Every structure is written in C-alpha cells, then in structure tokens.
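**Q** This is the structure, below, for whatever I ask next.
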Amino acid sequence: MTNLTFSKKPTQTDKKNHVRKLIAILLVIGIFFRFYNLDQKVYWYDETMTSLRISGYTSTDLVEEVYNGEVISVGKLLQTYQYPNSTKNLNDSIKALAAHPEHSPLYYLMARFWLQTFGNSIFNIRLLSAFISLLVFPAIYWLCLELFNSQLISWVAVSLIAISPFHVLYAQEAREYSLWTASILVSCAALLWAIRRKKILPWIIYGITVSLGLYTHPFSAFVFVGHGIYVLAQGKLRFNKTFGNYILSSLFGILLFLPWLLVVIANFSDLVENTGHVNLVRKGFLPLFWGQNLSRVFIDLNQGFSPFSPLHYLSAFLTGYALYYLCKTAPKAGLFVITLIGVTGIALIAPDIILSGRRSSIARYAFPCYLGIQIAVSYLIVNKLNKNYHNIKAFKKWRYIAIALIVSGIVSCAVSSQIPTWWNKSASKTRHNPEVASIINQSENTLVISDIRPGELLGLTHSLQNTVNLQLVSSKNIPPIPQNFDKVFIYRPSDELKAKFEAQYNIEKVQSWLWKLEK
C-alpha cells in the first residue's frame with residue numbers, strides 16, 4: 001500500500017516567522033550597503049566643503065592662501081584644508097561655519113571630533129554618516145508604533161527605508177542628511193508620545209528634539225510647523241492644553257537654539273548670498289524633477305527625467321494611492337503624514353512657482369516628504385496584504401507589488417554601489433574626475449595647473465596621489481611654470497586661461513577636463 005504524504009498548510013505562526021526572517025534579511029542587506037565601498041565613491045563638491053569648514057577654513061581663505069601661483073603638493077593641501085590639524089582650532093571651525101549659516105553646525109562639529117578621534121580619511125568621515133544612519137531604523141520603528149500601534153507596519157517601514165537607494169546614498173555622504181533624517185523621525189515620534197502620555201517629561205524631550213533638529217538642518221523648522229498644524233487640527237482649531245504644551249516645548253527648543261539663531265541673524269547677508277543658486281531657473285519641467293526624485297526613493301538606476309519614463313508615473317500613482325488610502329482608513333495618522341509632507345513640500349514648491357527657482361527640484365531638501373511617503377506606503381502594503389489574505393487574486397497583486405519594491409531597492413543599491421559617480425554627486429562637477437585622476441596618477445613628477453573653483457579642485461585632489469603637485473591661480477594670467485616637472489597638466493581651465501595657454505604653448509587635449517602642456 002502506497003503511503004501518501006501531504007504538505008502541512010502553513011500556520012499563522014509560520015507566516016509570522018517567514019515575515020520576521022524576510023525583514024531581518026532586508027535589514028542586514030540595507031546595513032551592508034550603507035558600509036560597502038564607503039571610500040570608493042568620488043568625494044564631491046559639497047563633501048569637500050564639509051571638510052574645508054571642519055578644518056577651520058572657508059573657500060575665501062583657500063583662494064587667498066593657495067591660489068597664488070605657488071606650487072603645493074596634494075598631500076599638504078589635503079592635510080591643511082581638508083582635515084582637522086594643529087593650525088586651526090575648534091573656534092576657527094565655528095567661525096568657518098558661521099560664514100555659512102545656511103548649514104546648521106551640529107553635524108560638522110560631530111565630524112570634526114570624529115576625525116580627531118579616529119583619524120583623517122574619506123572612509124572615516126563617511127563612516128560617521130553611515131553609523132548615524134543606523135539611528136533611522138529605531139526612529140522610524142518608534143514613529144510608526146506611535147502612529148499605528150502596529151509592530152508589523154513599523155518593521156515594514158524599517159525594511160523599506162533599509163533598502164531605499166535614496167537613503168543609502170545619503171548614508172554614505174559626508175553631509176548632515178543622515179543625521180537630519182534621524183532627527184526628523186525622532187522629533188515626530190516624540191511629539192506623538194508627548195501627546196499620548198500627557199506629562200511634562202515627554203514634552204521636555206520633544207523640546208530638546210526641536211533644538212536638535214534645528215541644530216542639524218534649518219528646514220527642520222518646516223517639520224515643526226507641520227507638527228503645530230497637526231496639534232491644532234486635532235484640537236479642532238482650539239487653543240487647548242495640548243497645543244499650549246506644543247507651543248511651550250517649541251519655545252524651549254528655540255531657546256536652546258538661540259546661540260546659533262543669533263549667528264544666522266548676524267550673518268543673514270551671507271546666508272542670502274550663499275543660497276542664491278536656488279533662485280536660478282532649472283532647465284526642464286519642474287514636475288518631471290519631482291517625479292524623478294520621487295521614483296529614486298524606490299528605484300534608482302541613475303535614470304533621467306524623461307517625460308516618457310514610466311517610473312515617474314508609477315511612483316506618483318503608488319504615492320497618491322497610499323496617501324489616499326491612509327487618510328481614508330486612518331484619518332488621524334493620515335493627517336500627521338500629510339502635515340509632515342505638506343508643509344515642507346509647499347515651502348519648496350511655492351517659491352519656485354511664484355518667484356521661479358529650483359528649490360523643489362533638489363531631492364535632499366525634501367527628506368521629510370519622502371519619509372512621510374514611505375510611511376504611507378508601508379501602511380498600504382501591510383493593510384492590503386492583511387485584508388486580502390483570503391482573496392487570492394488581490395493578495396497576489398499586492399504581494400507582487402511588495403516584491404517589486406524589495407527587488408528594485410536591492411538592485412538599485414547593488415548597481416550604485418559599484419559606480420564611483422552617481423546623480424547625487426553632481427555630474428557637472430565630478431563625472432570625469434575618476435578618469436582624470438587615473439591619467440594624472442600614471443605619471444611621475446607631475447604638475448597640475450588650474451583656476452577652477454576650490455570645491456571642484458578639492459574633489460579631484462582626493463583621488464590624486466599625495467606626491468602630485470598643484471599650481472593654482474585666481475587670475476587669468478599664466479603663472480611662471482617650473483621647469484623641473486616631467487609632465488604638466490591643465491585641469492578645467494577657464495576659457496580665458498585656456499586661450500592664453502593656447503597662445504603661448506602647444507597644449508594637447510587628453511580628456512574632456514584635462515590638457516597636457518607640450519614642452
């Protein structure tokens with residue numbers, strides 16, 4: 001007699017275990033990509049400005065001291081102007097940061113102390129951002145737990161952020177954005193916790209998170225305005241005790257932020273000048289940039305902003321439906337997410353539409369919006385899978401959507417991890433630097449002449465050997481060229497400087513950004 005065996009139908013416990021294993025795997029993958037190839041990506045303009053300021057210098061200082069036609073080695077330039085050293089102290093770094101009040105100081109001071117403790121290198125300064133990015137996981141978990149009282153939604157949100165290519169990119173940058181992400185989430189969770197507990201201590205903690213947020217990024221103010229709108233709306237537009245607690249806590253946070261606020265006020269003209277680039281009109285249709293940036297939260301293959309790209313429309317549709325579903329089925333949580341997204345979104349979009357500009361096309365400014373969207377999508381996925389468990393057709397559809405989000409995130413992270421330049425590194429400032437550096441490093445006893453801006457120049461020097469020599473000029477006149485170098489290259493000269501070289505020397509174009517001077 002033949003024995004027939006039947007596979008046992010998975011129990012609810014089995015399914016929960018499978019989900020836990022999947023979440024754990026995604027979390028491990030996300031952590032891996034945050035630390036993988038940390039020092040292999042090009043060190044681009046904005047990151048060099050981080051290093052310059054924590055070293056105690058400004059771009060003006062660098063131009064005055066180095067762009068004088070004198071020869072300086074790459075090693076000396078980097079050691080002096082890109083890493084903390086004995087020539088400049090903490091007070092000098094604070095002065096350099098005060099000259100750029102559009103950037104709050106907390107991350108930069110942390111980075112200075114970090115490098116002084118663990119040593120100077122690209123790997124180490126990016127390692128700080130990667131470690132900080134790990135705080136995002138417990139922060140998003142706490143926020144979703146406060147919003148939905150659901151561990152599953154919280155863990156799904158953790159998973160989506162873990163493998164989000166957008167978050168991975170900024171977790172590997174020597175900039176304040178991983179710290180800002182964590183501070184946004186913690187302040188949001190702290191607000192909901194304070195509202196729920198109705199005690200003094202949680203409100204004090206919320207006030208501290210307000211201060212930390214402002215010390216991390218000035219756009220945190222938009223998040224806190226959104227919090228106020230949420231609290232006011234929850235109280236049916238009445239000035240109740242909860243709203244009073246919010247006001248007092250916010251004032252407490254602003255009071256703690258007052259020292260830097262006074263710096264911002266005193267240097268407001270510098271802030272306006274330093275941020276003037278956001279008023280420049282960007283070529284292209286702004287909504288296409290919005291769609292492009294939104295799609296990169298879920299899938300990022302360095303895609304362009306073509307109006308025919310389906311990724312923009314699919315991401316926009318998923319986002320729109322997730323927000324609609326959240327507001328319909330969980331109005332209180334929906335209101336919170338809408339205020340998180342809406343205030344920052346309006347603050348970026350309205351000036352661009354009314355006054356013109358490019359604020360809303362800069363993805364890193366919209367972190368609060370993307371966090372709100374990812375929370376809404378997490379809620380949507382979990383609820384659709386749970387509610388359609390016995391509807392096989394609908395269940396499969398949403399399972400495929402979840403799988404697509406997982407696969408697209410992992411593939412995106414894998415692809416971008418192998419390529420030294422990516423969209424967030426600004427192609428116009430970095431795309432040819434790996435090839436240029438390779439050409440220069442192949443030569444010995446080399447001199448590189450340039451009049452390019454400090455940020456672009458410093459981005460290249462991090463890829464050059466320390467023994468390469470530089471001759472930097474701020475005028476458009478050719479400096480006296482020493483005769484003791486075997487090879488002389490000209491890197492990204494201005495049109496005027498290039499024309500003068502062509503008039504006096506034979507120069508050969510080696511690469512798009514590099515010319516060789518023929519002796």
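Glycine too: its Cβ is placed from the backbone N, Cα and C atoms.
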**Q** May I ask you to indicate which of 334-356, 495-517 is given in TrEMBL as transmembrane segment?
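**A** Result: 334-356 is the stretch TrEMBL calls transmembrane segment.
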**Q** So, does the transmembrane segment (21-38) come close enough to the transmembrane segment (402-423) to give 3+ Cβ pairs below 8 Å, pairs being at least 6 apart in sequence?
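**A** In this chain the transmembrane segment (402-423) contacts the transmembrane segment (21-38) - 3 or more Cβ pairs sit under 8 Å.
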**Q** Considering only the recorded stretches 21-38, 246-268, 311-327, 334-356, 362-382, state which has the highest number of Cβ pairs under 8 Å to the transmembrane segment (123-145).
**A** 21-38
**Q** Sort out for me which stretch, of 21-38, 203-226, 246-268, 311-327, 334-356, has the most Cβ pairs below 8 angstroms to the transmembrane segment (362-382).
**A** 334-356
**Q** Please average pLDDT over the domain 'Glycosyltransferase RgtA/B/C/D-like' (103-261) for the predicted structure.
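**A** Summarising the domain 'Glycosyltransferase RgtA/B/C/D-like' (103-261) by its mean pLDDT gives 98.
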**Q** For the transmembrane segment (334-356), which recorded stretch in the set 21-38, 152-171, 203-226, 246-268, 311-327 gives the largest number of Cβ pairs separated by under 8 Å?
**A** 203-226
